[in-house]
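Dumping the structure here so I can ask a few things about it.
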Amino acid sequence: MAFRVFLLAAAFLAVSCFHATASDPSPLQDFCVVDKMSTVRVNGFPCKEANDVVAEDFFFSGLHMAGNTTNKQGSAVTPVNVAQIAGLNTLGISLARIDYAPYGLNPPHTHPRGTEILTVLEGSLYVGFVTSNPDNKLLTKVLNKGDVFVFPEGLIHFQFNYGTKNAVAVAALSSQNPGVITVANAVFGSKPSIEDDILAKAFQVDKMTVDRIQAQF
């Protein structure tokens with residue numbers, strides 16, 4: 001009897017740990033291609049009929065094309081997630097191409113639903129992430145062509161092209177829809193705006209400084 005209770009407890013712990021660590025639910029069938037016509041709302045997307053699935057549901061073309069980096073940050077992200085490939089639904093994976101102009105920055109951001117593994121294809125990047133409270137430890141590394149770096153799920157991270165040539169990287173993420181929250185945009189560019197008093201106290205600056213920063217977003 002005691003052994004049976006132990007087995008049940010072990011099984012429950014295993015299931016609990018799986019759900020605690022998985023970014024996306026595991027698929028229960030070969031695939032679940034997004035039914036874009038469905039009005040049903042679920043955690044993910046509803047499946048279309050298997051007989052209606054075609055090869056194009058698993059296909060994307062365009063990662064050979066450089067993104068437009070003529071913006072304030074000097075970087076461009078080309079995502080390939082479930083919004084671009086309907087067949088990624090329930091498969092728990094996606095990727096992105098990131099282009100960096102000289103001194104271009106992919107600014108501090110976080111993916112709330114996915115771990116990222118980044119590979120540099122061209123150029124060099126200064127990358128890093130910050131651990132959670134209370135330590136807030138900054139871990140950084142200079143990456144060159146062929147180097148790989150991991151950004152754990154949910155942690156704030158960045159990439160900066162400190163060189164005088166363009167840089168290119170490809171990132172794989174452990175979610176069909178990892179999401180992205182750019183810190184500065186979220187804090188200073190929210191709609192409606194976070195009140196000046198709150199931001200001034202949080203960042204220990206005066207309201208005029210807050211107003212100046214918010215005007216950039």
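Quick reminder: no glycine exception, Cβ is built from N, Cα and C everywhere.
According to TrEMBL, the signal peptide annotation covers 1-23. Annotated disulfide bond per TrEMBL: CYS32-CYS47, in sequence order. TrEMBL lists 61-211 with the feature domain 'Cupin type-1'. According to TrEMBL, the oxalate binding site annotation covers ASN106, HIS111, GLU116. Sequence annotations record features per position, and here TrEMBL assigns Mn(2+) binding site to HIS109, HIS111, GLU116, HIS157.
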Which one is closest to HIS109 (Mn(2+) binding site) in space, judged by CA to CA distance, out of the recorded positions CYS32, CYS47, GLU116?
GLU116
Across the domain 'Cupin type-1' (61-211), what is the average pLDDT of the model, as a whole number?
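Mean model confidence (pLDDT) across the domain 'Cupin type-1' (61-211) is 96.
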Show, in sequence order, which residues other than HIS109, HIS111, GLU116, HIS157 on the same chain lie with their Cβ within 8 Å of the centre of the Cβ atoms of the Mn(2+) site.
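Those within range, site residues removed, are THR110, PHE129, PHE151, LEU155, ILE156, PRO178, VAL180.
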Please list, in sequence order, the residues in the chain of CYS32 (disulfide bond) that are at least six apart in sequence and whose C-beta is under 8 Å away from its C-beta.
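Sequence-distant Cβ neighbours: GLY44, PHE45, CYS47, ASN89, THR90.
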Report the residues of the chain - excluding ASN106, HIS111, GLU116 - with C-beta within 8 Å of the mean position of the site's C-beta atoms, for the recorded oxalate site, in sequence order.
ALA96, HIS109, THR110, LEU118, PHE151, HIS157, ALA171, LEU173, PRO178, VAL180
I need the CA-to-CA distance for HIS157 (Mn(2+) binding site) versus HIS111 (oxalate binding site), whole Å please.
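The Cα atom of HIS157 (Mn(2+) binding site) is 9 Å away from the Cα atom of HIS111 (oxalate binding site).
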